[in-house]
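Quick look at what TrEMBL lists:
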type	residues	note
DOMAIN	56-280	domain 'SET'
BINDING	E72, G73, L74, R214, N234, H235	S-adenosyl-L-methionine binding site
BINDING	R214, R218, D231, H246, Y279, Y292	substrate binding site
Amino acid sequence: MASVFSSSFLCPLKTTKLRIIQSSQKPFLINSLQLRELDPKIPQPVQTFWKWLCDEGVVSIKTPVKPGIVAEGLGLVANRDISKGETVLGVPKRFWINTDKVAESEIGNVCTGLEPWISLALFLLREKWKDDSKWKYYMAVLPESTDSTIYWSQEELSEIQGTQLLSTTLSVKEYVQNEFQNVEEQVILGNKQLFPFPITLDDFFWAFGILRSRAFSRGGIQNLMLVPFADLANHSVKVTTEDHIHEIGGPAGLFSWDLLFSFQSPLKLKAGDQFLIQYGLNKSNADMAIGYGFIEPNSARDAFTLTLEISKTDDFNGDKLDIAESNSLGETADFDIKLGQSLPPSLFPYLRLVALGGTDNFLIESISGNAVWNLLELPVSRANEELICKVVRDSCRSALSGYHTTIEEDEKLMKEGNLSSRLQIAVGVRAGEKKVLQQLDDIFRERELELDELEYYQERRLKELDLVGEP
């Protein structure tokens, strides 16, 4: 099974490409009691964590944000007005928790060859257990769980019956459980001196959830990392760019210079405003639900993945697969359908390729692969076009029949309000999926009504040969 941090499942939190730039900022002295002062309502572990960041030189009197109580619970709040594009924090490389840190630690040798996220999970669990851990103040502020669907009870999961979110959640949970069993057998049980404390499946899920909801990635799962302080930044729909995270060379303490993990403000802020970032413009609400435990009231994030497959019993399976692969697709292809947006450009050609049969197979026999794909961008024959409409509409109706509520019932629940955070996620995701399915069914229903008006391959070919007489 593919890694749960790959596109087959979910992308890492706050994944973005980081640019390396240089800073001319000079080192500074930290000497301010005000720097250490936070809202007294903030929990003591966060107060202690902040003082640790001050002592270690991660923050200074010039740092324009600090932890604060916000609608989401805890976030970063502006100390003063902040200009759009202004740098708001810089966390030195020595405070990044990544695979390099694991390799340098006491468990580095036994983590060699493990998936990066698994080695990081083991590192987190060990540091959480150690009383003298360098990271104890950071560990103390990490949540025990989120509203991610991986933590939902069976009763809560029943509210997303029929959704793709449910099937993805169950697949992810199965994957994590299998990985835990493997690492327990291969690493944990045989190294009691390194892991002298019990590690349960729940513990492993905790570490997975922390990474899934807080880790940044520099271009892929091989570069996952936790960045204390930076991971307090919350998400906002108002932020419409991901280009606000960078690596810069800059001061990392009183007399040191280091590579810094840096945030630039994507918005203009007033003192007291919350500093917000974008967790991923292309993530669906299902992605948000399983990764972070919340969704957006934004229909643009409502999505449904249509999966198509070239039949293994198709007499032209090999030829069709060659054509698909020459266009960056495979024997199975996933198409993300988003509410209110155009269908993926390669959907119709792939659908026609999958449905190609009968006398239409002459296209495969007599025309080169690339040319066939070009032809498939337009209707091939009435029979082929009718079949793809039927296949998609049957799939939509089948999927819609799996939900235990209607769109109208879901909308009524949302309008009435007073939903728990998890039920709000469930209702929002299932309503969104159904709306996308209904939209897709409507598109192909309209297509069916146009079948007699479309121009097919044979007609186009006759026109090209000038074999069609004037009316």
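Each residue, glycine too, has its Cβ placed from N, Cα and C.
In this structure the residues listed as binding S-adenosyl-L-methionine are E72, G73, L74, R214, N234, H235; their two most distant Cα atoms lie 15 Å apart. Counting every protein chain shown, 22 other Cβ atoms lie within 10 Å of the Cβ of R214 (S-adenosyl-L-methionine binding site). Long-range Cβ neighbours of L74 (S-adenosyl-L-methionine binding site) (same chain, at least 6 residues apart, Cβ-Cβ under 8 Å): I42, V46, P67, G68, L232.
Recorded residues H246 (substrate binding site) and R214 (S-adenosyl-L-methionine binding site) have their alpha carbons 17 Å apart, per Cα-Cα distance. Just so you know, of the binding-site residues E72, N234, Y292, the Cβ with the fewest other Cβ atoms around it within 10 Å is the one at E72.
Spatially close to H235 (S-adenosyl-L-methionine binding site) yet at least six residues away along the chain are L276, I277, Q278, Y279, Y292, F294, judged by Cβ distances under 8 angstroms. In this model, the domain 'SET' (56-280) carries an average pLDDT of 91.
Cβ-based neighbour count (10 Å, all protein chains) for H246 (substrate binding site) stands at 19.
D231 (substrate binding site) is 14 Å away from E72 (S-adenosyl-L-methionine binding site) when you measure Cα to Cα. If you take the Cα of R214 (S-adenosyl-L-methionine binding site) and the Cα of D231 (substrate binding site), they are about 6 angstrom apart, rounded to a whole number.
Note on G73 (S-adenosyl-L-methionine binding site): other Cβ atoms within 10 Å of its Cβ, all shown chains, come to 9.
With respect to Cβ neighbours within 10 Å, the binding-site residues D231, Y279 differ, and D231 shows the lowest count.
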